[in-house]
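Q: Dropping a structure here in C-alpha cells format, bear with me for questions.
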Amino acid sequence: TCVLCLTFQLACCCGTAACSLCCKCCPKIKQSTSTRFMYALYFILVTVICCIMMSTTVANEMKTHIPFYKEVCKGIQAGETCEKLVGYSAVYKVCFGMACFFFFFFLFTIKINSSKSCRAYIHNGFWLIKLILLAAMCSGAFFIPDQDTFLNAWRYVGATGGFLFIAIQLILLVEFAHKWNKNWTAGANHKQMWSGLLALVTLILYSIAVAALVLMALFYTRSEGCMYNKVLIGVNGGLCLFVSLVAISPCVQNRQPHSGLLQSGVISCYVMYLTFSALSSKPPETILDENNQNITICVPEFSQGLHRDENLVTGLGTTILFGCILYSCLTSTTRASSEALRGIYATPETEVARCCFCCLPDGDGDAEERIEKRGGQTVIYDEKKGTVYSYAFFHFVFFLASLYVMMTVTHWFHYESAQIEKFFTGTWSIFWIKMVSCWVCVCLYLWTLIAPLCCPTREFSV
C-alpha cells in the first residue's frame, strides 16, 4: 500500500515538495497541491486531538487502561486525573496554538508572488520543523498566566473568527453561483446544448428545494405546536421565492443579463439545507401525552432511533462536518477565490464554457513545468512562473477555520456542558447561528442583484 506522506523523516525537513517521499504507485502531484495537503494534515491532526479532548468516553477509557494514569497526570502537571487536558478550556488552548501558527504564516507570506523567494521556500518546506513549531505553540498555550481572563477573551475572538469564516464561505457560495451561470451562459451563445443544460440543472435544483421544503413541512411540523418550525420554514421558503422573482425581474435583467434562475436555484438549495440543519440542531420540544409521559415532538420519528447509538452517530457526523470544513478551506484558498472576495472577476470575453467550470482548462497550465522524481512519487513544480494561489489568504482561511473548529467543537456559547458525544443533541446557539447564516446568504445574493440598481454609476461584475 501507498504511504501518503512520510512527514517525520529528516529527508522531508527541508524539501520543497511535501509528498515527494510517497511511493511510486501514487499518481503525479503538483507542488502547490502537496503543500496545501500537508497543511491540511496538520489541521486534521489538531482537530482530531480537540475531538478527543472533548470526549468523556476516551477520558474514561484512558483512566481504565493506562497504567499509572494518575502518576503520569501529576508528572506532567495536568491535575490528578488530567482534568486540565480535557474539556472546553483545553480545546481553547490547543486551538489558540493552531490559530497562532496559521496567523504567523499569514503575516509571514504576505505579498509573495514568486515561489523562488526565501519565504516561499519556507512555506513549501521544512515540514518537520513546522510540525514541532505547531506542537510547541499548542503546548505553550497551557502555560499562559491568568487562565480565566485568557479563556474569556479568547472566546470572543473565537466567535468573531468563526462568524467571519462562515461569512467568507457564504460570499464564495454566491460567487460560485454567479460564476456557474455566467460560464454556461457564455456557452449558450454558441451551442444550444448549454441552454439545455442550464434549463435541466435549474429544474433539478428547484425540484430539490421544493421537495426539501415539503418534507420539512411534513416531518418537522404538526397541527398543534411547532410554531418555531412553521414560521421559519414558511419564511425561508418565501425568501427563496422572492429572490427567484427578483433575479428574473426586468429591471435586474436590464442591468445584469447574466442573472437568472440558476443562481437563485443554488441559493435556494443551500437555504433549504441550512434550514434542515438548523431544525435538526434545535433543542427538542416535549409535551405530556395521555399517559402523562414526556414525548418529543416536532422531529421525525425515525430520527429518534438514530440517536440510540450516540458514538456511531457522533463519529460519522463529526467526520462529515470536519470533512466539509476542510473542503471549504482548500477550495476557498485558490487565487480566483481570493480575487473574488476583493471583487476581481474574469471578463465575460475570456469565459470558455465547460462542465467542470471551476477547473482551469487544459491549455492554461504551464507548458514548461519542471517534473522531478526522487525515487518516489512524481512531483510537478507548477509554480515556476509564479504562485498559483495566494499563500497569505490560504493561511488566513485556515486561521479562521481554527477558530471555527474551536467554537463548533465546544458548542459555541454552551461550552460548559459541551461533550463530543452530545455533538448533535442540539443547542439554541447552534440553531440560531445556522438560521442567521441562512438569512445572511440570502441577503448577500440579493445585494448582488440590486446593487447595480442602487448604485447605477458604479461598475459591478459578477
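Numbers here mean position along the shown chain, with the first residue as 1.
Cβ coordinates come from backbone N, Cα and C, glycine included.
What TrEMBL records for 1-18 is signal peptide. According to TrEMBL, the feature transmembrane segment maps to 37-59, 90-110, 122-144, 156-176, 197-221, 227-248, 260-279, 312-330, 388-409, 429-450.
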Q: Among 197-221, 227-248, 260-279, 388-409, point out the range having the most Cβ pairs under 8 angstroms from the transmembrane segment (37-59).
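A: Most contacts with the transmembrane segment (37-59): 388-409.
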Q: Would you call the transmembrane segment (156-176) and the transmembrane segment (260-279) in contact, using three or more Cβ pairs under 8 Å, pairs 6 or more apart in sequence?
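A: Yes, the transmembrane segment (156-176) contacts the transmembrane segment (260-279).
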Q: What residues elsewhere in the chain lie close to the transmembrane segment (429-450), defined as a C-beta under 8 angstroms and at least 6 residues from its ends?
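A: Result: 166-167, 170-171, 173-174, 177-178, 232, 236, 239-240, 243, 246-247, 252, 256, 259, 263-264, 267, 270-271, 274-275, 277-279, 281-283, 411-414, 460, 462.
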Q: For the transmembrane segment (227-248), which stretch among 90-110, 122-144, 197-221 has the most Cβ pairs under 8 A?
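A: Answer, by Cβ pair count: 197-221.
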Q: Under 8 Å between C-beta atoms and at least six residues away from its ends: which parts of the chain pack against the transmembrane segment (90-110)?
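A: Non-local partners: 42-43, 46, 49-50, 53-54, 84, 119-120, 122-123, 130, 133-134, 136-142, 144, 151, 154-155, 158, 161, 391-392, 394-396, 398-399, 402-403, 405-406, 409-410.
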Q: Do any residues of this chain, six or more beyond the ends of the transmembrane segment (197-221), have a C-beta under 8 angstroms from a C-beta of it, and if so which?
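A: Distant contacts of the transmembrane segment (197-221): 181, 184-185, 188, 229-230, 233, 237, 240, 260-262, 265-266, 268-269, 271-273, 275-276, 279, 298-300.
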Q: For the transmembrane segment (260-279), find every same-chain residue at least 6 residues outside the stretch whose CB is under 8 Å from a CB in it, and list them.
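A: Sequence-distant neighbours of the transmembrane segment (260-279): 173-174, 176-178, 180-181, 184-185, 198, 201-202, 205-206, 208-209, 212-213, 216, 220, 229, 232-233, 236, 239-240, 243-244, 247-248, 431-432, 434-435, 437-438, 441-442, 445.
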